[in-house]
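Novice: Dropping the structure in here first, questions after.
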């Protein structure tokens, strides 16, 4: 829709200043009502009539946009990130460089503005048609006519009513112009025609109008003069003609946006620029803002920029944090413009706006390696940081530009430099997946740390997993990334990998398989050695069981059954079991002393023995309190989750209470409870050993299940107990409801006392019949059905526990080892005697990198005792399967494995330590039989080959000589 108002300097347009005919005043009320309807009706037809002219009009668009999207982790709370969230919501934030969109006017804007002038639409429709005879005739007629007096063709209204009146007049003028001849159009509206002719490049019309002294300083509603339009259209002939008639080459538009030289520089027309400079145009117009040199660089017009620089244009800006042409060239990646600017002394250190970006930042963000090299060679600092603390390395990594990154590394840029959030270029490189693998490889070769966390605890491995980039995750793992490292929120990298890139898990298991390899001799050899490399299980070089705990935490505990993991846990247990033995001895002594104290104090009342045992009990209690306080200080969150710790505090509390003198009656209750709890505590300690762990777990699970079912059926038991209290109130056992409930529970075990109740001479049955029926119902429903049901349900999980006993044993062992390891390496123990702590810690470590990280075993040697025989067999089978998989096809895979297993069994038999002659003779007989079978197979195959050769010879008529 055409614009309703014309923009110009402020003044009031009243009816007294407008010369209109009487007809307009009469119809004003009607026009005010139908104004928008008429305008909207004409808008579509006007737009269609302008499209043909717009398509043929030269473009003056200068695009200056940098919409590159960078995935980054800004303005979000990383501490609360869950691995269930998407990577876009957690860390993929679109960061755009705060650059204003730099462009002059589009051809649509100019065409629309000219169309809104008086008779503008008619001028656009008529002038393009003036050519040939029509043009000559029009020019001849125009020579003999006088043009209308110059008038202001742009106005600005301050009220809506005046605007409506003006628009009404404009519509009326356009209607008259539409019906006018070309000559009438040029005579009545010469300024409009001059502007339109300059824009459309109609030189003859421009020349004639200038000869008729048309106002050369006329402007459209935005303040564009004919010189502006000729420069925008890049029509040198018209521009020079205008300048020859005294047009001002330094004229600004109304918004002080540009001069004609800006327009010519934006188009990149060297001839127009030279003409304007020759006419004394200011080459630094707009300084210290956007100068013509800016727009020449924006258009990548090297020739135009060179002309401006030679004419005295300034390549630098004295105002700080202001955009310079060098910023523009770097942002666009324009190598020729950058070379030109640097050769004329452009400053490479200047920073832009609030982002504090240097040209090197912008070139790296653009991913222009050539521009980056030019800037580095010119002295740009690779360590300069923007307002986020990012260097050019960060931005090049975000742009996924390997070439730019290599230029910066060769220039000495640091690979581990951090931004304000503690992120390195490696964090930025894994934020996108386009060329992440190449960037990661280059950065690591340059010394980047793969396990460097940011201030939120996120390592490059976390970010790669969040972005679901499996190949990058595998590369980071192969370069030593720690899969167990945790964020500030306690989320491990493995947790992200399991949920975001689950395809990594089979590859991780493959890495475990590859860690078991053939070290020396062949598999069937008695001296065969297999190497177990445990380094994949300790990726971070910290706790040796951190990976095990992470696997259990994310529900992948079954991986612990891998032969490498199982071997590691077995050997690790052998290293630390001495500490558990010390704990067992400590608790055993304490239990013995506590039991003796309870016996001599509360049972036998032997005072002198009680005084002797008092101090040892008090000492052990203080040691226990110290141990528990140390565990609380080490990790209070984990401490409160373990029910064994609460049991320990109950033991400590009862121990303190029974030591109080003099002895009171209430202390007997505490003593009885305390001696029970301390023996239960000893049972828990014994259950930490592998040989007893399963049984203790079975007891614990059955007890938990039993009390669950008892809670479900307690209503039935309470009902019977109250019924017995009513029917047998003359018996002491049922005189009190609470005692009656206890008696009823005891009766569940089968202690019914039928004769004592119903055939007692001293006490008779008060309610015969009903009491008999009640007892019969109790026997059937509770003693027979409920008791057996509860026992059956409680022990139903035993078979499942036995089936999963192997995995549960490994899980418990991993948790125990990790718990003890955490205690030994706690920072609180750094203040303890160093020699003692060094000895204890070294005694708990299985691996001592970089040398002692693997062991060699001989699976065929009966003297190999370091690992259980079943585990050695599993390791041997794993190596056999991998060897067969690499050398044979899938069809013969299982058959070959069986043969290798058979060879393994035979070798074990052959090298058995049994010295029995009969046994040895049996082994030899089996070997002879096996050799005979192999010999028979070989003979059969040879006969088959011989027959085939004879058949082929017969077909070819070739004689066979034996």
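Glycine is treated like the rest: Cβ placed from N, Cα and C.
Note that TrEMBL annotation is computational and uncurated.
Marked as repeat 'ANK' by TrEMBL: 222-248, 256-285, 288-320, 321-353, 355-387, 388-420, 421-455, 456-488. What TrEMBL records for 579-600, 612-634, 646-663, 670-689, 709-727, 772-795 is transmembrane segment. Marked as domain 'Ion transport' by TrEMBL: 588-802.
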Novice: Could you count the residues of the repeat 'ANK' (421-455) that DSSP puts in helix, in strand and in coil?
Specialist: 15 helix, 0 strand, 20 coil
Novice: Counting Cβ pairs closer than 8 Å, which of 256-285, 388-420, 421-455, 456-488 has the most of them with the repeat 'ANK' (222-248)?
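Specialist: That would be 256-285.
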Novice: Reported in the order helix, strand, coil, what are the DSSP residue counts of the repeat 'ANK' (288-320)?
Specialist: 16 helix, 0 strand, 17 coil
Novice: So which of 579-600, 612-634, 772-795 is most in touch with the transmembrane segment (670-689), counting Cβ pairs under 8 Å?
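Specialist: Per the Cβ under 8 Å count, 579-600.
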Novice: At a C-beta cut-off of under 8 Å, are there same-chain residues at least 6 beyond the repeat 'ANK' (355-387) that contact it? List them, or none.
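Specialist: 66, 68, 70, 97-98, 321, 324, 326-327, 329-335, 338-339, 342, 348-349, 393, 395-396, 398-401, 403-404, 406-408, 411-414, 417, 419.
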Novice: Taking helix as H, G and I and strand as E and B in DSSP, count the residues of the repeat 'ANK' (222-248) in helix, strand and coil.
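Specialist: Counts, helix then strand then coil: 16 helix, 0 strand, 11 coil.
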Novice: Which sequence-distant residues neighbour the repeat 'ANK' (321-353)? Criterion: at least 6 residues beyond either end, Cβ under 8 Å.
Specialist: 64, 66, 97-99, 102, 288-291, 293-294, 296-298, 300, 302, 305-306, 309, 315, 359-363, 365-368, 370-371, 374-375, 378-381, 384, 386
Novice: Which value does the mean pLDDT take for the repeat 'ANK' (321-353) in this predicted structure?
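Specialist: Here the predicted model's pLDDT, averaged over the repeat 'ANK' (321-353), is 88.
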Novice: Can you break down the repeat 'ANK' (355-387) into helix, strand and coil residue counts using DSSP?
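Specialist: Within the repeat 'ANK' (355-387) the tally stands at 17 helix, 1 strand, 15 coil.
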